[in-house]
2 protein chains.
Amino acid sequence: MEIDQSTIQEKAGPLTRAWGLLKVLPGKAEAEILRVAKSIKKLGKDDPRRITHSLKVGLALTLLSLIYYLRPLYDGFGTAGIWAVLTVVVVFEFTVGGTLSKSLNRGFATLVASALGLGAQQLASLFGDKGDPIVLGILVFLLAAVSTFMRFFPQIKARYDYGVLIFILTFSLIAISGCRVEELLEMARKRLSTIIVGGATCIVVSICICPVWAGETLHNSVAANIEKLASYLEGFGGEYFQSCERSNSDKSFLQGYKKVLNSKSTEESMANLARWEPRHGCFRSRHPWKQYLKIGELTRQCAYHIETLNGYINSDIHAPLEFRCKIQEPCTQMSAECGKALKSLASSIKTTTVPSSENVNVENSKTAVQDLKIALKAVSLEHDQDLLQILPAATVASILVEIVICVEKISESVHGLSNLAHFKSIEPTVSPEKPHRGSIKPVSKGDSDHAVITIHGTSPDSPGNETPKAPKLG
Amino acid sequence: MEIDQSTIQEKAGPLTRAWGLLKVLPGKAEAEILRVAKSIKKLGKDDPRRITHSLKVGLALTLLSLIYYLRPLYDGFGTAGIWAVLTVVVVFEFTVGGTLSKSLNRGFATLVASALGLGAQQLASLFGDKGDPIVLGILVFLLAAVSTFMRFFPQIKARYDYGVLIFILTFSLIAISGCRVEELLEMARKRLSTIIVGGATCIVVSICICPVWAGETLHNSVAANIEKLASYLEGFGGEYFQSCERSNSDKSFLQGYKKVLNSKSTEESMANLARWEPRHGCFRSRHPWKQYLKIGELTRQCAYHIETLNGYINSDIHAPLEFRCKIQEPCTQMSAECGKALKSLASSIKTTTVPSSENVNVENSKTAVQDLKIALKAVSLEHDQDLLQILPAATVASILVEIVICVEKISESVHGLSNLAHFKSIEPTVSPEKPHRGSIKPVSKGDSDHAVITIHGTSPDSPGNETPKAPKLG
């Protein structure tokens, strides 16, 4: 296509071409503007915090302009006020944790580097006028090289990367500047005070106006990821076993899990930033952020299995109807109960309540695994099955069993989180959808192995394809 | 443990405690120093480019110190020379692409923002002494808010994030500074020239001394990832079917693939940086970097399947020996041939030669799939198998079939890369290990569907556990 158009354009004269371009331009520009406007709207809609963040940055910068316009302040800071503006632009991050980490890194690094820079100057001055630049050059070289290498350490990179950068910067500036010590002290004082003003402005604006907490974001995204898997699993049974009938319905729930596959880096950086944040909402200052990474890891593990499972959903080879009918009930049950368990775990994370109702679902899914085993044993007795034909369906069943194990692990890790973070304990309200018989007490982590609750007579219409309400937790 | 120690410490007097601490300290410090030294050594060994990068940053900074010490230069730049040092520290990145992208972003953003800042000052001056700060404040607010929002666009974030940051910074500085226009022009000129000096120093040092090309890194890491999967698949057959005998041997090859699972973000950022790089080595300036992302995506897809497969390698449930023996041959064959195909693809990427010898392996693995089907059909005829017992082994076989499909897709995408990037075409030298019968011509993309090469009489000892040499490509 592109080649065709260019040959046509080459044949036409330059005037004709320009005219053609002019004719096309308004339409194209309009389409482009529409496209951009749409994507702007989508960006803002996807996460309205982006809009408030942008306004906050504008506000912080405008606040600092006051430093320049209010004379008393201006006289106090002088042109070093430039550093306050610079600090705001560089330090203001989307999350409170990011802003705090950068501000503190910047402040401390400037402090340490100033002191070291002064020391380096004193040391170099011992070597006389000729030796001075050489010694300073060597010192700058060594310090820059060593600090740069330190930035490759994963622990330092995760938490102090920006600090090391500012350290190199300030040290070089002070060591190289060649000013007298008194001048330098004055300069360092001014720079530090402006950085403090700039950093403080950022921190105050960042915390006081619609704060975006990295910890809260991590908390919610872990819960949301679990929910995505839940949606998939709840819908899977209906989709796989009745794929022909319902090909037109909305299948977006089958794609949601894909975002979970690559969630690792985001979660890790959020956890790193969350450590900088003070107590907020229901999160203490030493909230067990690492546990979220564990849950995230297990969630991804489950997502990998689902990815493999998903390959079979549109498989061409359909197992004999008879075999499918036999495993349909336990498979749908396993998948749906896993989905419900995950939904319930996600909602317990969201509401920071001790997870309890998911136990029923986990046990139900285990029962379904046993049912499956019985069904499979029955199959082997009949002698009329072709293993090759039933293999895809059998594989689906086998992967579902793995998913059940995975969901149990997720459940344990969420229980671990609930212990570590002291989630609120709430008497489980009975889920309206599934009246369970016999008494069920909330089972804490560790007990879960012993609490075998077998539920007989599950309603045959419950698993599958309509979205069941997550058991309410309060 | 921790609680115990603290209670003991609380009981002892402060002096005893201090003495105890002093006694423990040297030993602890020594252990800590040893640990740090080890991790430093490991960091350097894992990627020696880290060491050269650190030295390069030191060198660039020391070079710029010259600006301060050589008087003529100093007189030319004045204190604005500070910006040159700042530029080096902030702009010097690990890869050439990173350095280029930051330098160019910084340069252009400063240029545009300076012009806009001057315009804003002129505009504000129309409103008189009282209106001036208000208008400027509003302009700074609007520009900062809009630009910050723009940073959320994925395309802008990926390529121009730093530029937008510097744009906000420079515009605010100039708009707020309140200097006269002549002063500003002088300031802008100085800043730009120092940024150019700083940026140019970085670029020259970055390119001329042991350059780290983002493109090359991406190229190699995609190949290395494929190789990791290859190692797994080549070893899988031996590991799964003879797991009891060889439990002591080195199993690190079984873990390598795990790094592939989370490679997406690294690959994407490398591809973004690679676009900034000029022609280098065998990479043209418009090298198809996007195709690497496609290959990477498919590689991860395959890694997800392997992750599921890996769950069965230590499975407790062992299928009846009879069944395992039946599927062992085709399964080991499938896995080993896939491994060989991937090894060959990886080496063809590494040597930038048209992949050819992998066709044989892909076809062999397809043949093995057919063999497996025959074996499975045979199973169903015997009536003495318990489906439940053979399910894990059958699932492994089924997932291996998926992996064969995946490997074929990877092969296609590598062929696509070889077409787009004009890889060298080399007559395939016959692999010494597997003399193939009949003529095999290198099959280009698109033809691959029709080139069915069936090889009879594959040596029974070839698949499995010893590491077969990758077919040589030149």
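Every residue gets a Cβ built from N, Cα and C, even glycine.
Residues annotated as transmembrane segment in TrEMBL: A:51-70 (among others). Sequence-distant neighbours of the transmembrane segment (A:51-70) (same chain, 6+ residues past either end, Cβ-Cβ under 8 Å): 44, 77, 81, 84-85, 88-89, 92, 94, 197-198, 201-202, 205-206, 209-210, 212.
The transmembrane segment annotation in TrEMBL covers A:76-96 (among others).
Here TrEMBL flags A:108-128 (among others) as transmembrane segment.
Annotated transmembrane segment per TrEMBL: A:134-153 (among others), in sequence order. With a cut-off of 8 Å between Cβ atoms, the residues of this chain six or more beyond the transmembrane segment (A:134-153) that come close are 116, 120-121, 123-124, 127, 161, 164-165, 167-168, 171-172, 175-176.
Proximity of distant same-chain residues to the transmembrane segment (A:160-177), defined by a Cβ-Cβ separation under 8 Å and at least 6 residues beyond the stretch ends, is recorded for 101-102, 104-106, 108-110, 112-114, 116-118, 120-121, 124, 136, 139-140, 143-144, 147-148, 150-151, 184, 187-188, 191. The annotation transmembrane segment is assigned in TrEMBL to A:160-177 (among others).
Taken from TrEMBL, the feature transmembrane segment covers A:192-214 (among others).
What TrEMBL lists as region 'Disordered' is A:428-474.
According to TrEMBL, the feature compositional bias 'Polar residues' maps to A:456-465.
Nonlocal intrachain contacts for the transmembrane segment (A:108-128), taken as residues 6+ away from its ends with a CB within less than 8 angstroms of a stretch CB, comprise 134-136, 139, 143, 162-171, 173-175, 181, 184-185, 188, 191-192, 195.
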